[in-house]
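Take a look at the structure below.
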Amino acid sequence: MMVNKGAHCLLTYVAFVLALSLVSASDPSPLQDFCVAVNDSTSALFVNGKFCKDPNLVTANDFFFQGLNIPGNASNPLGSKVTPVNVAQIPGLNTLGISLVRIDFMPYGLNPPHTHPRATEILFVLEGTLYVGFVTSNNPDNKALNNRLITKKLNPGDVFVFPEGLIHFQFNVGQTNAVAFSGLSSQNPGVITIANAVFGSNPAIDPDVLTKAFQVETNIINYLQAQFWYDNN
């Protein structure tokens, strides 16, 4: 019996360790101080989709970005502009699992429903009043959480979190411009704007698929696919 109990404890421990190994941030933890991204295929180390710059050649500029104080041009059909600061702008972010965006809004401007497949987002409102929210995932076993909409009106100084992968949005409900900054838990969080992806894909999704999915007439799908879906990123 003692052997069986010991074996059971060992299996439980192993299962626990394996479970912990699956629980991680969007980006893996670095194994060195930094790995500045560089477009050099002759470099010896390839991490997170980027080649690492020779550490002896790294400078302060590899960790620097200038100009986030400058408003983005939100004069577009959506009335918003996202200015990213990720590994594409700061090579030193490679492997560090973090990035930043500035979001500028015209009055009644919208950052439309979208997801970040690789990051949780934490948003801070600097100016204006934003109506923000996210929708929970499909959960047929719990009707209270099945595609539940969670929203909040935010004012300057307020902070709101959007869980990784969930559809979310930000809408300026004020009559003045609004500004927000968001931190994201990935060097390259990615963005999928729902309307653009569904109705503006290249090549287009077969209208029969979308007609069935949305339970509408084909002419409605044809109309939506014919629109220009603006990208504010």
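Positions of Cβ are set from backbone N, Cα and C atoms, glycine also.
What you are looking at is a predicted structure, and each value in this text was computed from that prediction instead of being measured.
The oxalate binding site feature in TrEMBL is assigned to N111, H116, E121. Taking Cβ-Cβ distances under 8 Å and a sequence gap of 6 or more within the same chain, the neighbours of E121 (oxalate binding site) are V161, F162, H168, S182, G183, L184, S185, P189.
What TrEMBL lists as Mn(2+) binding site is H114, H116, E121, H168. Under a cutoff of 8 A between CB atoms, and with a sequence separation of 6+ in the same chain, the neighbours of H114 (Mn(2+) binding site) are I167, H168, F169, V191, I192, T193, I194.
What TrEMBL lists as disulfide bond is C35-C52.
Annotation source TrEMBL lists domain 'Cupin type-1' at 66-222.
Per TrEMBL, the feature signal peptide maps to 1-25.
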Provide the number of Cβ atoms within 10 Å of the Cβ of N111 (oxalate binding site), excluding the reference atom itself. 29
Distance [Cα-Cα, Å, rounded] between C35 (disulfide bond) and H116 (oxalate binding site): 23
Length of the line joining the Cα atoms of N111 (oxalate binding site) and C52 (disulfide bond), in Å: 34
